[in-house]
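Have a look at the structure below before the remarks.
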Number of protein chains: 2
Amino acid sequence: MAVNFPSIDPAQLHPVAGVTLGWAEGHIRKPNRKDVLVISLDEGATVAGVFTANRFCAAPVIVCREHLAKVQASGGIRALVINTGNANAGTGEPGLADARATCAELARLTGLRAEQILPFSTGVILEPLPVDRVKAALPDALAHRDAANWYLGAQSIMTTDTLPKAVSAQVTIDGHTVTMTGISKGAGMIRPNMATMLGFLAIDAKLAQPVLDEMVKYVADRSFNCITIDGDTSTNDSFIIMASGRASLPAITSTADPAYVALRDAVTATAQSLSQLIVRDGEGATKFITVKVEGGADVAECRRIAYSIAHSPLVKTAFFASDPNLGRILCAVGYAGIDDLDVSRTDLYLDEVLVAKGGGRNPDYREEDGQRVMKQAEITVRLRLGRGEAEATIWTCDLSHDYVSINADYRS
Amino acid sequence: MAVNFPSIDPAQLHPVAGVTLGWAEGHIRKPNRKDVLVISLDEGATVAGVFTANRFCAAPVIVCREHLAKVQASGGIRALVINTGNANAGTGEPGLADARATCAELARLTGLRAEQILPFSTGVILEPLPVDRVKAALPDALAHRDAANWYLGAQSIMTTDTLPKAVSAQVTIDGHTVTMTGISKGAGMIRPNMATMLGFLAIDAKLAQPVLDEMVKYVADRSFNCITIDGDTSTNDSFIIMASGRASLPAITSTADPAYVALRDAVTATAQSLSQLIVRDGEGATKFITVKVEGGADVAECRRIAYSIAHSPLVKTAFFASDPNLGRILCAVGYAGIDDLDVSRTDLYLDEVLVAKGGGRNPDYREEDGQRVMKQAEITVRLRLGRGEAEATIWTCDLSHDYVSINADYRS
């Protein structure tokens, strides 16, 4: 069902020195599936993250923020623990206690302090976390730790995902090879606002904490914050970059360092691929749609219009049907809330086909040209506003029968 | 498929003195269906309307606004002409010329001025209006004019509607009977922002133009502006109130008149029923959902949260599945964009069942209670914010397989 989802060879996912992954079958919601993952970091790593803007954020998100706030004093983050099957969201004080208890148990088993551990959960909201089962799975996860486990790690964090998601790359900076490998999960409730459901990316470069803090925001804004499946911003969105510091590249202590820019751009490209995998495996997705809005007065209005198009159920069903019913796109532009939008300066392209010019149908537009593009599995909607120089790009998918089936059946 | 859609007896729709309706088969998009309607008003009527906030508003909306702006100078609105099958939106200058030509032709046939006519279109966007076919249908529509034609009128404005929509009522004010009858259409692309796809409501009371101008906004804000099916604000939304002035009730010339308040409230109730018919016949709808947000700091934030719940595809599919996966509702509350929302003061009710209390699961909540309510055809989601005294109510429906089917097939 996934759209042009690349075949991932587990052997091609580079280990990242200083990082190991261990999984367990914790029977959190269903038996006989990997649903607990521990990522361990050697001493000296730096870690930074961005999290959901949802006000009903999950208990583990609150604990992650607390632990990252005291990261310098606590000696640095040394482990991440992730469970699927239960989001530990909408669970109030008991949920917070469960997230803390999970960290405490992993700390006890590893000799770390609880503050050196970041907890993550994903699954059903508003149900108590079966914390005893999570804790019981930890010894098994620790026993399975291996630097070559990235693919198994990607499998261990899946919920409604049909395929594990991982991307790996190497880049040479100043003659030094830097390795980066990441995993992500998510297929529905996807409209990240800070990060996606869950994304974990490790690099072996050494980055000072303030530099990594800045990089994680930069990267998230150009990757996980640019995807949407159904417009639902999850309670648990988290995107984490771990820098193990084991590469030979000298430590990066300033964002003014040219090596920073080179590394940041390489990490951004990897994170974009990783985030696009989520769209390609979007619930029921049959098309991968790029929505590019150009010529806006600022990036915010370009993003607003792009999301208005990407969230319209009518636009999404037209893509599903391969029906060039493209007036629906103009309609979604019109209600995006840009009060001073002059539609007579607006052009709409479908790939290279000019559909609407100056706010009306292009006289030269032929239905068969639109039809040809609509039949493709990958389509770019390009809107030119004629208001300025800003632009924004969003990646999304169509709305199909299977989306309804999957979400009507999710808990059964 | 429609949800508790009341049976409408054409004979129970009261004629409104001074108002006639005439239909025609114009073959605008498909043969052998009523797709052109003319509503004629006797001299002395007042007319007011509200229209879509979509920046890509249709050509007829632009012409309606122009004609209403000069209504006093032109001698008053005397006819409405409506076509289905083509929205005349995204059609630029040629579309405007077509809307004007339709008015001019009807003016020629009736001896009115073009400015005394309001044009309306609904159907596919971005395709040229077949204006010659609309014009050619007008003599037939005029020949069919009859005060008893409200049900046929409701049929003549349907697109993806499965049922004609009409509501009629009589109210006694100061001993005088006032009659009101309205029709509406719409089933998808429904998230009116000023009014709905199309709603026309006639009353036989006499109202001064400024009074009617105020009433139409008041009524729309409490009826058509409170419904949503898919969140898509149409290019053609229009809601019109016509006051023929033929009732024995003395003319209302001030909103301070107690008769104004009585009439306004009666018209609001009728318009609410009319707008709710659109939700009950929503594309693929199997449930009628009332979302009530209470205890907000202001009405705007209550509406924002209510729409966030009502538009969430995950919430809507859970209703379709009768699955009390109610964490999805809290999630939608959390991403509604109320940055200072204190979720620990939030309570969630499903009908009378207290699901979440103080931002977490109510310890006394039992899944079977949620399940029982979720199986009903009509469900009220009630959210208490604990921030103030404001409240807002939105009516919506679920998201089913049939919504996808209908919108993937609409043009075929």
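Each position is counted from 1, following the chain as shown.
Cβ coordinates come from backbone N, Cα and C, glycine included.
Features reported for this protein in TrEMBL:
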{"type": "ACT_SITE", "residues": "A:Thr196", "note": "active site, nucleophile"}
{"type": "BINDING", "residues": "A:Thr159, A:Lys185, A:Thr196, A:Glu283, A:Asn407, A:Ser412", "note": "substrate binding site"}
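By a Cβ separation below 8 angstroms, chain B lies close to none of the binding-site residues A:Thr159, A:Lys185, A:Glu283.
When the binding-site residues A:Thr159, A:Asn407 are compared by the number of other C-beta atoms lying within 10 angstroms of their own C-beta, A:Thr159 comes out lowest. Classification of A:Glu283 (substrate binding site) by DSSP places it in coil, neither helical nor stranded. The Cβ of A:Glu283 (substrate binding site) has 28 neighbouring Cβ atoms from other residues within 10 Å, across all protein chains displayed. Following the DSSP three-state reduction, the secondary structure of A:Asn407 (substrate binding site) is helix.
Under the DSSP three-state reduction, A:Lys185 (substrate binding site) is assigned to strand. For A:Lys185 (substrate binding site), other Cβ atoms within 10 Å of its Cβ number 26.
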